[in-house]
Amino acid sequence: PVLLGCGSAQQPGGCPDLCECSEPARTVKCVNRNLTAVPPDLPPYVRSLFITGNSLTHLPAGAFSAQRLPDLSALNLSGNHLQAVEAGALALPALRQLDLSGNALVSLSPQAFGEGGSPLEELALRGALRNHGVLFSLAALLQSGALRNLSRLDLADNGLLVLPAGMFTALPALRLLDLGNNSLVGLQNVSFQGLGQLQSLNLSNNSLAVLWNSTLAQFRSLPTLRHIDLGHNTWVCDCAIEDLVAWLKESDQVEGKEALTCAYPDKMLGKALLKINSLDLNCSVPIDLPSQLQTSYVFLGIVLALIGAIFLLVLYLNRKGIKKWMHNIRDACRDHMEGYHYRYEINADPRLTNLSSNSDV
């Protein structure tokens, strides 16, 4: 009985209730146990921790003890109904991989990984950003420079329409960026500058209609970018797509580019982008709408200035005639007003009225 009692006591390196532990593999799994909080007695030897399919709604500061878990490098918190991640909740000194996929994040503190930088290299947020308000918190976190070691970022399956400007500018080590299966309609405000290590970019299954020259130029400037997936987008094959078609024909960065087809207009439906030519689009020159509008405004300004100058010149050359004409108008107006004044005096005096009405006088 004494031995049994000692054996049942929780040892420093023991396993929490409702979890499965393997000290040789340095792994702890707490899967589908309806946990509402992170177990406080996790063994210090753990390197890979799986807390998935539970009922955790938020991670408070210090949810994982940095002192107790100095070697924790892989943390999987997917499918836990997480809504809030507070400041300092993930401040772990050895954390390299983090999976928050399949949660319903509403709040993500920009200081979730602590005040200093984090060694995190892989971050998965697949399906965790359905509440698009949290996207700006994530952008602030990424832009703060706290995750400068990040090499893989998974933002797929979030229904994203647009991305905050400059969201990826502080990720110099990023090699893989997955934006697939969203609803992105454009990349005009997205900067890929500074991603000198980027090797793979997934933009498939979005709502992209065209890629403008500014975006294509960024793709060309990235020396290691060799895998771009543009499949299953709603390409609009009008004059604006000529630059994209030309880039596809010359670039070896796009995977499966032969399968890219037009979605609009109806007459171009299903036509391969690589087979489009100028005759199909009926364009005399490539259209760049912003520059075209700018040129039109400049031309309009020049025309209006010229018309104004001519008008002033005509006025100057005919100043004497205009002055005489103005004097004539003034005299005519004065005579007209004197006639009104005379009639008013007659109507105002009864004697003059009777006199004017008597035809014998």
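Each Cβ is built from the backbone N, Cα and C atoms, and glycine gets one as well.
Taken from TrEMBL, the feature domain 'LRRNT' applies to 14-48. Taken from TrEMBL, the feature domain 'LRRCT' applies to 233-284. Residues annotated as transmembrane segment in TrEMBL: 297-317.
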Whole-number mean of pLDDT values that fall within the domain 'LRRNT' (14-48): 95
Number of helical, extended and coil residues in the domain 'LRRCT' (233-284), per DSSP: 25 helix, 9 strand, 18 coil
